[in-house]
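To start, the structure under review is shown below, and the notes come after it.
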Amino acid sequence: MIFLTALPLFWIMIAASRGGHWGAWMPSSISAFEGTCVSIPCRFDFPDELRPAVVHGVWYFNSPYPKNYPPVVFKSRTQVVHESFQGRSRLLGDLGLRNCTLLLSNLSPELGGKYYFRGDLGGYNQYTFSEHSVLDIINTPNIVVPLEVVAGTEVEVSCLVPDNCPELRPELSWLGHDGLGEPAVLGRLREDEGTWVQMSLLHFVPTREANGLRLGCQASFPNTTLQFEGYASLDVKYPPVIVEMNSSVEAIEGSHVGLLCGADSNPLPLLTWMRDGTVLREAVAESLFLELDEVTPGEDGVYACLAENAYGQDNRTVELSVMYAPWKPTVNVTVVAVEGETVSILCSTQSNPDPILTIFKEKQILATVIYESELQVELPAVTPEDDGEYWCVAENQYGQRATAFNLSVEFAPVILLESHCAAARDTVQCLCVVKSNPEPSVAFELPSRNVTVNETEREFVYSERSGLLLTSILTLRGQAQAPPRVICTSRNLYGTKSLELPFQGAHRLMWAKIGPVGAVVAFAILIAIVCYITQTRRKKNVTESPSFSAGDNPPVLFSSDFRISGAPEKSRVVSTLE
């Protein structure tokens, strides 16, 4: 809208066109409040050669042609007007000076419409001008808000009301503008078509809280009861702010998890759920729900919600912690070690929360850590007693898992003191018990002989392996004379050990008394005793080794509720030992 402080454009056109043509100039539109008045400015012209003595004029309503019998608003010759305009219309201009300005009072809605002027110079010199003015009867002020109002950027909101009634001047005031600043009243301003307006301006910097604010302007007329109000709602644009989001979330593996993100913005934001840069879900909405069904440990981590529109963005994160039982522990340990070496055992697992880790052997706890994912144990200078089965157990409040592993300690042979010989009449039987890893070779040496013992001869060697023990029996028949010296020699890659087997004297007397038949019976009893000793040791080893049910899920570590199981060792016969 352009305001001129000089003469209106149509008055300038009048002055420039004097000298000869029919023409009229008036605002194409004009407005006024109901109950007030309006002055419609009007100028007209006619050819100079006509030189009329008296100039008359007629204003018509909604039609320029007399033959259509339009309502007469004003008529200078007779003062006869349509009943709708009786007492409401009069001419303000001087027709002789080619001024046809019309005043309408006590306006009502039915007076809104088109107004045409007809010049009457007498005789046939009458002319109805096609130019006309459209009168708009209003009852609300016009509040002009910028097309875009952005939070944090100063805006100007204006209130305009028509001021085309010379008898009543409007006064403007703002409603609902508390906290927005003081208005500036510019007063009466001329528009570019010669009409007038009253204007008041309100300058302020809007905030997001001002969005939707109902701002009003009131036009009142002093000394009357006339008051008119108009309102406009502020549409303040502002960037998103995330106002609703989960705090840190803990969930058990396999459960359902819902994450909520809500943002305040204008216009609505694009909400996006992301994890590690991957978009999981997005939508243009006030809030967005992310559902995770049957969560797994792999979904543990930080989730980000991004809210953005054309005016900015905001983001927040939430941490999802998936609680789960320990995974099956992994053990990094040397399977085989040589006696005297240092062995390092590393047991690790994953769980949430971190587990209690325990390493034990044969019910004996070697080490325990609480709320750690790794446990390391060092066995300095391992001995044969360190050989055997170990367990690493991991547990938390959500479950327990275990892993078994074996440590094999290799060492040079050791001939046990229970090794000996016994003689009966012409039979000598020698027992040599060797502890060794790996399995050794065993030879019975007779220093008085230079012979090789094999199954085809009278000498016979029987061997049985049980754990780390190897038991060998040598039977010599036809030993009627004094029993020979017998040396047991055992060797593996770590060394050799020899022992002259002692004879048990009491047994010598026994052989002499019971005779050959008794010797055979005694030999059978000896074999039975060896088997019994072997089985006893085997059961003892089994009893001392815990085992767990299928799935490597041991009972709770600290309850000492172990189940016992074992498997028989293989046996073999060595036909020849040197």
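Glycine is no exception: its Cβ is also placed from the backbone N, Cα and C atoms.
Copied over from TrEMBL, here are the features:
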type	residues	note
DOMAIN	239-321	domain 'Ig-like'
DOMAIN	329-408	domain 'Ig-like'
SIGNAL	1-19	signal peptide
TRANSMEM	510-533	transmembrane segment
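Residue counts for the domain 'Ig-like' (239-321) under DSSP, helix first, then strand, then coil, are 3 helix, 59 strand, 21 coil.
For the domain 'Ig-like' (239-321), the model's average pLDDT works out to 95.
Applying DSSP to the domain 'Ig-like' (329-408) sorts its residues as follows: 3 helix, 51 strand, 26 coil.
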